[in-house]
Amino acid sequence: MNTVVVAQLQRQFQEYLVSLYQQGFLDNQFTELRKLQDEGTPDFVAEVVSLFFDDCSKLINSMSRSLGRPESVDFKQVDSGVHQLKGSSSSVGARRVKNVCISFKECCDVQNREGCLRCLQQVDYEYKMLKTKLEDLFNLEQQILQAGGTIPQININ
Amino acid sequence: MTVEQGVQAVDQFPVGMRVLAVDDDQTCLLILETLLHRCQYHVTTTDKAQTALELLRENKNKFDLVISDVDMPDMDGFKLLELVGLEMDLPVIMLSAHSDPKYVMKGVKHGACDYLLKPVRIEELKNIWQHVVRKSKLKKMKGIVTNGESEGNSDQNGVRANRKRKDQLEEKDEEEQEQERGNDKKPRVIWTRELHNKFLAAVDHVGIKNAVPKKILDLMNVDNLTRENVASHLQKFRLALKKITNEAKQQANMAAANSHFMQMSSLKGFGSFHHSPIPLGSSQFHGGAATMRHYPSNRTFAGMFPHVSSSLPRNLHNDGGHMLQGTPFPPLENLHINSNNKAFPSFASQQSSLLVAPSMVLEGHQQSTSPSFSPHLEINKRLEDWSNNIPQSNVHSEPDALGWNMFGNSTNQTYFCRDTDFGSSSAAQADSLQMKQQHENIFSPMTVAQLLRSSSANEGLFMGQQKLENGFMASDAGSLDDIVNSMMTQEQSQAEFSEGDWVWVA
């Protein structure tokens, strides 16, 4: 094992993770998820976020359909979708996505289709962005493991 | 989970508690499942409410707890909550991203044990087992109420096994508590007539001076009677005696005294009965108190006491007042004045014990310090018992009653005739006649006057005391009548009061 390489990778990992928190992509809930990951469930976090991104995709599609025809918007359905998205994003710690959902809900409550569409767009953007970021993070993790190192547990204040 | 784990789970609750988690959001469901695993619960998940119901219906015994999301496409979470509660009576925890109190309220109304907000934290899940315990406790109680209805379900073996363990633990705790409480309580000893007679016989046998609880206990030879029981009874007995003697003395001194009677609030002086001043702890011990100090060691009193009991009028009233209620009035001499119901401190505070224990006192007088002294009847009976030892007429009781009445005003002036030689039945016998006469004298209206004029210290004391109590001069027969009258008016229901013979000096 090349300890220098491992150390370097670990440092990179740490810095990257911290930046994600600092940029608001992630919040404390993500830390909690990482804590739940252990030797018995080494892929737990990856699995959870993967599910999350799948949910996002499905929900956004269905909401998009609901908001599609201006004359017959099913706000109830949209509201339900937003609600669920909010729930899951908060559960994984996807902070930005969650925040968009809050605005989204407000638009939905007043039946602001335009607003909803904008929010929908934003939600879509945010989740995809997060997805990319986390993929990079997981790559770093893999590199560390492959280099024989261990993934550092980082305490984010 | 393997069967093994299941077995372990039962024994290590809440470890292995079986949870059914329902959430249509797969992300949340996975997180929930992991969190629950981290809490060491056994977890089954489904993303459909309908599936959950089926699982539960198939075997409600398989699960201890259900956690369900509120917003689900195929069925409203509240509906699921209701159904689970109705059909399976399992604890259900609601989960939602809605923090709106309206939802929380709805959850509670539909029977949710708890309502958690997403994102769920592991700390919250670590305590959810409490709902299982609580519910099973309720079920257990319900089961008891409905006579084992809850036992009916054979399906609930697993759950029941779980609960049984907890229940057993709880039962055990309760039992232990009960036992402890039981041990702390000492069964009250009722000094029945027979028991008291035995007591008297024992005291008589050893002699009042030698009367120690241990000896008395041995002589009495009664099961379940402790030395402490005897000791307290003996104390009361002695106090009664003392009082009577004191009163007798006081009467003599009180003729000239104007002050209120003294009350014997403390019988502690008993030991020094013969020689020491009456311990009058009572604050009401007025001037006259001093006069009471010397006790005559009056054996005759003792003799009288037993008889006195018989002489106590059963009707000693006192229903209305606190007059000496029915306690047997020991020989007049023995009347003691109890200005405050405290004459017999022990009595005052122990109405029931008055009846019971100090039958001897009762013999003398019954202090009905408290209005609620209904036991006077018993005392009367007791007195009878005592008196039964010695043939006596009812006349004797009158005097007692008289004494009682006299003293039994609201302030519970009770007069005790205490006979120092209480226990000597033989002496009592010898004296009984004497007493009887005295009693007669004392208690009849005329005898009251006689009493007043009597040179007998006791009588005088008695009257004097009465007067003192009432603020009257006791020396005047006429005034005695006044006293009586006033007392009578003071006293309310003296119904039983005068059997005729005894004058109630109120």
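Quick reminder: no glycine exception, Cβ is built from N, Cα and C everywhere.
What TrEMBL lists as compositional bias 'Polar residues' is B:147-159.
Marked as compositional bias 'Basic and acidic residues' by TrEMBL: B:179-188.
Residues or ranges marked as domain 'Response regulatory' by TrEMBL: B:18-133.
Annotation source TrEMBL lists domain 'HTH myb-type' at B:183-242.
There are 25 other Cβ atoms within 10 Å of the Cβ belonging to B:Asp69 (4-aspartylphosphate). The 4-aspartylphosphate annotation in TrEMBL covers B:Asp69.
Positions annotated as region 'Disordered' by TrEMBL: B:143-188.
Using DSSP to sort the residues of the domain 'Response regulatory' (B:18-133) gives these counts of helix, strand and coil: 57 helix, 24 strand, 35 coil. Across the domain 'HTH myb-type' (B:183-242), the DSSP tally of helix, strand and coil residues reads 43 helix, 0 strand, 17 coil.
Residues belonging to the domain 'Response regulatory' (B:18-133) score a mean pLDDT of 90 in the model.
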